[in-house]
Amino acid sequence: MKVITCEIAWHNKEPVYSLDFQHGTAGRIHRLASAGVDTNVRIWKVEKGPDGKAIVEFLSNLARHTKAVNVVRFSPTGEILASGGDDAVILLWKVNDNKEPEQIAFQDEDEAQLNKENWTVVKTLRGHLEDVYDICWATDGNLMASASVDNTAIIWDVSKGQKISIFNEHKSYVQGVTWDPLGQYVATLSCDRVLRVYSIQKKRVAFNVSKMLSGIGAEGEARSYRMFHDDSMKSFFRRLSFTPDGSLLLTPAGCVESGENVMNTTYVFSRKNLKRPIAHLPCPGKATLAVRCCPVYFELRPVVETGVELMSLPYRLVFAVASEDSVLLYDTQQSFPFGYVSNIHYHTLSDISWSSDGAFLAISSTDGYCSFVTFEKDELGIPLKEKPVLNMRTPDTAKKTKSQTHRGSSPGPRPVEGTPASRTQDPSSPGTTPPQARQAPAPTVIRDPPSITPAVKSPLPGPSEEKTLQPSSQNTKAHPSRRVTLNTLQAWSKTTPRRINLTPLKTDTPPSSVPTSVISTPSTEEIQSETPGDAQGSPPELKRPRLDENKGGTESLDP
């Protein structure tokens, strides 16, 4: 695993808000789209150099938006690129095979001459009233969902360019949206602190998730806390994601309150019960803002001894969680991260994306730069020869049947073998196998290990009160020079930096030396129509000064 922050002025040194790798090209080319405050969408070619690091080449500048662009997403086939921005429109781009470039009023002639590819807008989707924050495609590429500052999410028929459904249950900005690969749900996450899961077939809310029980009060009343951060989060994105097989829903921007302590986390939901999480993945320091899954299915790691699994799948899936200042790498065979990347950017991260073969993980930041994590062949695992066949449902072909979602509470928690007794799990949920026989990755130099939140030794106890998280101030000038910290399992508990070679985790490694996730078992209250009860319910401020307040051309990059 290697990391490089490319010295490229991706968007004229303006903040980069989103990026996305093109899939469906059978590995012929790693094409990457990026978007930022400069109102442009840009296409890049990413290759792996002889030293294993990423090499980036400019391909095209797509100029049609009139305000900042917040999100770019390729369709599953890779033919169409969707972009959404502060101008409240969604543009659908496609490569123009004509040799003569299209005349665009928004693009300078000098910039157009640099283009190696010609992209043209094939459709413009108008329906949102305010900034578009997130976009996701259906698996077949015929439908699309978008999330906006106007408190709504819209389902689009891409071929007709028309709205199918408008979901307006949220009370504040909708900052993330994801499409179920099996075609049954669309999930949204808002700064009103509510996760809403919609039934695509019924076109209405199936689940509302907002609060979790924290214990019983002195007088016997049930106490609860809010599961998600309020609008004090420094990020304007909460990019949640289903796993490629649809078995899990991964939601960032989570927070766990235990007494006076507040822990940032990412919640893991099983599609068998989307009312409450089966686990949460603590993140040290800062709130999480994006989750993206590697599209490759991997073979299970061999194990030395059999234990109770947390996520029982016949294959292994890998996903990345981005916080405000770091990226953690997880897989479905264990509940703690196997990789950690930090200290690569001066400002808040904004988006992450995997290449189709899992060789690259791209990271964008509001400091105007992007980084790449590269993986050698089979470093993440041995890919399956054939992907599993998904049993998809579409609005046109799905039968109107009763919901198959479990409506009762799951059996009580029980200890997981080979882990601290206080770590419990829902037996109906997917499982994980302890990675005693994990293959050793390539040797890596470990420097300045960060302080990691210790594992919680008991289920979340006692009554808790709602807390408002205050964003920490940033001082760019006082930040030290960039450096990359790659942490894997054996470096988490070290207190002083030292050079070591990575070796597989031994069977006798004490549990206290490994950061573990907390398996959440209390029930979640289902809220049918709720107005957030926190005192500070005002919308967040604008992301940044508008473009007309920060005019400036392309600047040469300092070495």
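Cβ coordinates come from backbone N, Cα and C, glycine included.
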Can you tell which of S75, S458 Swiss-Prot marks as phosphoserine?
S458
By the record in Swiss-Prot, which of S409, S428 is the one labelled phosphoserine?
S409
With respect to Swiss-Prot, which of the residues K48, K234, K494, K543 bears the note N6-acetyllysine?
K494
Secondary structure split (DSSP) over the repeat 'WD 3' (127-166) reads 0 helix, 22 strand, 18 coil
DSSP puts the residues of the repeat 'WD 6' (299-340) at 0 helix, 15 strand, 27 coil
Average model confidence [pLDDT] within the repeat 'WD 7' (344-385):
96
